[in-house]
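A.B. asks: The structure that follows is given in the form of structure tokens.
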Amino acid sequence: MAREKSSKDNAQALFNSLRSAYAVTPVNLKIIDLYVGFAVFTALIQVVYMATVGSFPFNSFLSGVLSCVGTAVLAVCLRIQVNKENKEFKDLPPERAFADFVLCNLVLHLVIMNFLG
Amino acid sequence: MTTVTNMPLSDLLKSFKLKTKQQELLIRVSILCLVYILAFITRLFSVLRYESMIHEFDPYFNYRTTLYLTQNGFYDFWNWFDYESWYPLGRIVGGTLYPGLMVTAVLIYRILHFLRFAVHIREVCVLTAPFFASNTTLVAYFFGKEIWDTGAGLVAAILIAICPGYISRSVAGSYDNEGVAIFALLFTFYLFVKAVNTGSLAWSLASAFGYFYMVSAWGGYVFIINLIPLYVLVLLITGRYSMRLYVAYNCMYVLGMLLAMQIRFVGFQHVQSGEHMAAMGVFFLMQVFYFLDWVKHMLSDTKLFQAFLRITVTCAVVVGTIALGLGMLSGYISPWTGRFYSLLDPTYAKDHIPIIASVSEHQPTAWSSFMFDYHILLFLFPAGLYFCFKRLSDATIFIVMYGLTSMYFAGVMVRLILVATPAVCLISAIAVSATVKNLTVLLRSKNKGVLTGSTKGSSSSRASSKALLDQSQPFQKNGAIALLFGAFYLLSKYATHCTWVTSEAYSSPSIVLAARGAHGNRVIFDDYREAYFWLRQNTPVDAKVMSWWDYGYQITAMGNRTVIVDNNTWNNTHIATVGRALSSYEDEAIEIMRSLDVDYVLVVFGGVTGYSSDDINKFLWMVRIGGGVFPVIKEPDYLVNGEYRVDKGAAPKMLNCLMYKLCYYRFGEMLTEYGKPPGYDRARGVEIGNKDIKLEHLEEAFTTSNWIVRIYKVKPPNNRW
């Protein structure tokens with residue numbers, strides 16, 4: 001009983017400390033995190049759909065999932081580059097980071113559109 | 001960079017009022033221009049000696065597809081179904097080739113035509129490989145600059161411009177995928193290392209495009225998609241990971257994978273084939289790893305983090321192994337294909353896949369090949385590894401890994417010496433550049449010591465060390481001068497060796513043979529083209545030609561006739577059928593030939609000229625491949641006591657099989673060498689066993705002037721009465 005209570009306490013403490021640490025992140029980073037979460041959620045929906053209906057036009061399924069995964073990954077890269085706490089990127093102006101992000105997304109979506117079939 | 005102290009040169013340049021930085025830039029640019037031109041012209045030996053033609057076998061297929069692309073446009077090319085090869089089956093060319101080379105050549109052709117240079121597409125094809133070799137030297141310079149410094153970059157450019165390992169597959173006329181692929185390989189690696197060094201999304205995007213170009217050019221892209229995840233894994237394990245690595249690898253992997261799937265030949269392999277799973281595994285590992293890193297950064301309490309870490313790691317490992325296990329067991333993730341599996345287990349191909357084992361380029365490498373192709377780079381390579389380990393950074397770790405893995409593969413298969421060449425050149429360049437720099441620093445240190453001693457008041461320790469240095473000055477200086485002369489001597493020997501190798505070994509077109517006549521004059525054997533043009537001009541347009549698969553591409557490209565099997569070797573059973581037909585008695589063979597609608601049979605015979613790459617020497621492979629599918633063909637039937645003979649003591653099945661009859665028909669009356677009996681086979685060095693050959697179902701249609709290519713016509717069935 002005591003072990004159960006302590007592990008539940010542990011989980012609770014973990015959750016609380018994570019929440020408090022996350023609450024101090026700046027708003028722009030939270031927006032990017034929201035976008036990443038949305039993209040991953042969309043990818044999960046697509047996978048569940050494929051599991052139920054079958055993967056016949058496999059290229060369409062792949063292009064859908066990879067576009068979600070791709071934008072999620074690129075958004076994470078943007079977050080890394082814009083985050084003030086990362087010493088390696090302190091010389092990088094956030095406008096340049098955002099421009100790179102937009103360019104990569106453009107290429108990603110052009111290829112997706114070619115691949116959708 | 002140290003100042004230029006060579007007096008006359010700096011005086012000359014000072015007269016142009018150039019500052020030191022500009023002098024250095026001028027020297028670098030002029031060196032690079034000279035290297036660019038050198039790389040191009042050293043590959044032109046065969047064009048100057050013979051003519052501007054396409055070499056070997058595979059390039060003829062590439063040339064034919066390029067011709068089709070220029071005439072019919074990209075859409076028809078991408079959807080082309082070729083009914084002129086693999087006779088009853090045809091070949092989906094659009095979906096089974098790597099289009100990079102052809103598209104590149106046609107692009108250059110269109111640009112030249114736009115500038116009003118009316119060149120023929122064949123000239124563009126012949127010179128594509130040297131042009132891209134020159135571009136590779138530029139990429140090698142930038143890569144060397146990224147890894148070490150500009151000196152190493154310059155030396156790398158020079159070394160790779162003339163290295164025989166690269167020249168062997170990129171000589172003028174060798175219009176093959178590797179000519180473009182090595183440029184794409186080095187370019188992709190350079191862009192990726194630049195992306196890891198800068199952490200910029202733009203460079204990662206560029207490396208994804210470089211990877212796309214590599215995938216479109218050559219099947220060896222599998223090396224990139226396995227080396228880069230291995231490199232990322234090594235960085236993660238050794239603790240050198242950083243945010244830049246995350247940005248570089250993820251952007252390159254996702255975009256590169258998507259772009260690569262646009263090539264029909266590659267298709268969905270990036271998510272379904274075992275060879276590509278390492279990249280995906282590392283991708284997921286990176287997400288987990290960096291997520292944990294982020295959580296650790298956010299949590300202040302380490303105990304809580306340990307708990308979280310344990311939960312997440314166990315979950316991730318369990319999910320990962322379940323997914324991988326399910327994939328492999330259900331067969332969804334296909335295992336490593338024979339071509340690449342034989343790299344990990346070299347004995348696999350000999351036992352299981354004779355076609356792969358029979359290709360001469362797939363044999364393991366001998367030491368002499370290494371020495372021949374690399375010369376002094378062989379011992380500069382370990383020296384360079386030492387320097388790389390002394391100054392470890394993300395870039396040097398990459399080049400060390402590239403060097404070591406590619407050297408392993410170069411040892412397994414001769415053809416892969418080509419892939420190892422850029423790594424060996426770069427690492428050797430580091431050794432050369434660092435050594436020469438240290439030696440010249442020694443040479444100049446006396447002058448610098450005097451200068452600083454007179455202008456600055458230094459501390460006592462510095463003064464004493466300068467005194468020590470001054471005392472041993474003459475000995476060190478002489479040693480440095482001697483070593484520099486030694487380095488200069490070695491490098492000049494390297495240049496001589498490379499030029500000699502290029503001239504003697506790697507500039508032969510294979511389709512035109514040359515020999516020295518009795519009076520020392522040069523004799524040219526142009527039999528292959530003679531035979532193909534005879535086919536083109538003297539046979540019906542829909543004639544079907546049966547030959548061994550080596551000559552298929554050349555027959556379709558130059559003879560313009562339908563063939564039964566060609567170098568693509570995608571259908572082993574079809575090749576085995578041809579092998580069976582050629583190894584059977586004439587009566588059985590004619591049945592097979594009639595079932596395949598064969599009109600002409602083409603064989604290559606070297607007995608009159610002493611040409612040793614003919615069909616009789618390749619015959620045992622035909623027996624093995626045929627016997628692999630049709631057990632009625634047994635290899636021991638053709639051997640006597642395990643020995644392969646064609647003279648009187650040969651096995652009776654050998655003396656009467658179709659290949660023997662076709663090669664030696666009417667040869668028994670021929671006098672080939674002074675003092676030897678008629679029917680003396682100069683390639684095997686024996687008198688043949690069966691001189692009185694009669695053909696029942698075939699008749700001789702054409703034999704070239706030196707008897708190298710012989711063409712036979714299949715007679716229609718006799719009338720019944």
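Cβ coordinates come from backbone N, Cα and C, glycine included.
Note: TrEMBL annotation is automatic and uncurated.
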A.B. asks: From B:124-144, B:481-501, which range did TrEMBL mark with transmembrane segment?
C.D. replies: B:124-144
A.B. asks: Taking B:395-411, B:650-666 as the choices, which stretch does TrEMBL tie to transmembrane segment?
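C.D. replies: My reading of TrEMBL: the transmembrane segment range is B:395-411.
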A.B. asks: For the transmembrane segment entry in TrEMBL, name the matching range from B:150-168, B:587-605.
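C.D. replies: The range carrying the transmembrane segment annotation in TrEMBL is B:150-168.
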A.B. asks: Counting Cβ pairs under 8 Å to the transmembrane segment (B:246-265), which of B:25-45, B:92-112, B:150-168, B:307-333 comes out on top?
C.D. replies: B:92-112
A.B. asks: If you average pLDDT over the domain 'Oligosaccharyl transferase STT3 N-terminal' (B:29-427), what do you get?
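C.D. replies: Here the mean pLDDT over the domain 'Oligosaccharyl transferase STT3 N-terminal' (B:29-427) amounts to 90.
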A.B. asks: When only pairs 6 or more apart in sequence are counted, do the transmembrane segment (B:395-411) and the transmembrane segment (B:92-112) reach 3 or more Cβ pairs under 8 Å?
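C.D. replies: By the criterion, they do not touch.
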A.B. asks: Please tell me whether the transmembrane segment (B:211-234) and the transmembrane segment (B:150-168) touch - that is, whether there are at least 3 C-beta pairs under 8 Å between them, with each pair 6 or more apart in sequence.
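C.D. replies: Contact criterion not met.
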A.B. asks: DSSP-wise, what's the residue breakdown of the domain 'STT3/PglB/AglB core' (B:544-602) into helix, strand and coil?
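C.D. replies: The counts are 33 helix, 9 strand, 17 coil.
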A.B. asks: Hey, which of B:150-168, B:277-295, B:370-388 has the most Cβ-Cβ pairs under 8 Å against the transmembrane segment (B:307-333)?
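C.D. replies: Comparing B:150-168, B:277-295, B:370-388: B:277-295 has the most Cβ pairs near the transmembrane segment (B:307-333).
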